[in-house]
């Protein structure tokens, strides 16, 4: 009850002060996604494969390294460390280690930022990511390169989570959707810019250095960011929260000197009021158990298809740099599509997410049906359409998931779904390499994953125009069973 009141008071004040994204703090955090995207996509270009020839292969002894001649003018970790044949898996492994680091970072940095503050955790993680990013660029061997990618992933995942929370907490609640959408759009722009950067900077060490150096600029800009006023207020540091709000109001051209937040109690006292809202409720509670299982698979599928398609950009026919840029730019139309469909009563969250997932799977299916030696442009267009659709589904999943969980357990639910998402990211780099089995194998996997996730997503209830759920008591199986039975009957055409 106390937590609810101080959040209402705070949100009302921030909205009245028009703390929009025009304030410099959210803008810095949104543009920061360009650096995040460069780090996430780095392996796509620095690990680009190259055609090669082995001289006198039959006459070479097993303990002697054969002389390899690369027939393409490519400078990558593949050509420098001879990551071919039985060593080729190391490229995908480096990509998977990055996503494994994202998983660890999400788990570690979230509680740390709740305990000691958003800004110190964000700046410390950012500094270490830039440091480990240079270790990647100057790695003397593959082992150091792989460990540095893991550590960059840990920091990237951690500060990415804190950055998203900060960008939301700097603005009023009515602008949360806007900042979330801008954050996703800037990540897509970052992928496109990374492809362009790779076109002009071909040596992989120079490319890694240039991509990481933008982080130095963002780090200096981030040093001036204030602490989250919401976090300060939740910790009972009301005076510091007032100082931050006065600063934000001044930067927005609405200065105020008599700002006083009402002292209504500490958030910690309110948090103890619902001790039953633990992570175990996601397994014990019958309604939450079904929703969590479905959402975990949906997030896994979105991540696998999204990152799998992007990671395979360098192996697609055509100019690899143009391909990477196109896989980023094609995401931009997805976000206005999401905003349009999810707010229509005939579409809503559930049908929109399921439809976009099924369309992504169908686009990947079309790619497998196109003959390998013909219609390369058509095949690439189908793959881009699949990326567009899965990007839209991924964006909806963020909004939809937060609405499906009660407030008291929303962070736990999002955390579990995020972990499932990272599992998909860990597996994604290995899927494009399955072309060695059959050229259509990667897109077949993406097709089946997208279609199955779309069908499973229909088991979830619609949340459009629904009243936000605050407690577990409002989520009783009795009140939700009727709605979910109707949903299942619609699927079965009963």
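Cβ coordinates are placed from backbone N, Cα and C, and glycine is handled just like the others.
Feature annotation from TrEMBL assigns domain 'Major facilitator superfamily (MFS) profile' to 26-465.
Residues annotated as transmembrane segment in TrEMBL: 27-48 (among others). When Cβ-Cβ distances below 8 Å are used as the criterion, the transmembrane segment (27-48) is approached by residues 21, 74, 76-78, 83, 91, 94-95, 98, 129, 133, 136, 149, 152, 156, 160, 163, 166-167, 170, 179, 182-184, 186-191, 193-195, 197-198, 204, 207-208, 211-212, 214-215, 218, 221-222, 225, 310-311, 313-314, 320-321, 324, 328, 429 of the same chain, each at least six residues removed from its ends.
According to TrEMBL, the feature transmembrane segment maps to 91-109 (among others).
Outside the transmembrane segment (121-140) by six or more residues, the chain places 39, 42, 105, 109, 112-113, 148-149, 151-152, 155-156, 158-159, 162-163, 166, 205, 208-209, 211-212, 215-216, 218-219, 222-223, 225 with a CB less than 8 A from a CB of the stretch. Per TrEMBL, transmembrane segment is recorded for 121-140 (among others).
Annotated transmembrane segment per TrEMBL: 146-166 (among others), in sequence order.
Residues or ranges marked as transmembrane segment in TrEMBL: 175-201 (among others). Panel annotation: around the transmembrane segment (175-201), residues 19-21, 26, 29-38, 41-42, 45, 164, 167-168, 207, 210-211, 310, 313, 320-329, 331-332, 335, 338-339, 391, 395, 398-399 of the same chain, lying at least six beyond its termini, place a Cβ under 8 Å from a Cβ of the stretch.
What TrEMBL lists as transmembrane segment is 290-309 (among others).
Taken from TrEMBL, the feature transmembrane segment applies to 321-342 (among others). Beyond the ends of the transmembrane segment (321-342), by six or more residues, the same chain brings 37, 41, 44-45, 177, 181, 184-185, 188-196, 198-199, 309-310, 313-314, 348-349, 352, 380, 384-385, 387-389, 391-392, 395-396, 399-400, 464 to within a C-beta distance below 8 angstroms of the stretch.
The annotation transmembrane segment is assigned in TrEMBL to 377-400 (among others).
Cβ atoms under 8 Å from those of the transmembrane segment (412-431) belong to residues 43, 89, 91-96, 99-100, 102-103, 106-107, 110, 157, 161, 277-279, 281-282, 288, 292, 295-297, 299-304, 306-308, 311-312, 397, 401-402, 404-405, 442, 445-446 of the same chain, restricted to positions at least 6 beyond its ends. What TrEMBL records for 412-431 (among others) is transmembrane segment.
Taken from TrEMBL, the feature transmembrane segment applies to 443-460 (among others).
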Distant-in-sequence neighbours of the transmembrane segment (443-460), which means Cβ under 8 A and at least six residues beyond its ends: 290-291, 294-295, 297-298, 300-302, 304-305, 308-309, 350-351, 353-358, 360-362, 364-365, 367-368, 383, 386, 389-390, 393, 400, 404, 431, 434, 484, 487-488, 490-491
Per-residue pLDDT averaged over the domain 'Major facilitator superfamily (MFS) profile' (26-465), given as an integer: 86
Tertiary contacts of the transmembrane segment (91-109) (same chain, 6+ residues out, Cβ under 8 Å): 39-40, 42-43, 47, 49, 77-78, 83, 121, 125, 142, 145-147, 149-162, 307, 311, 415, 418-419, 422-423, 425-430, 432-433
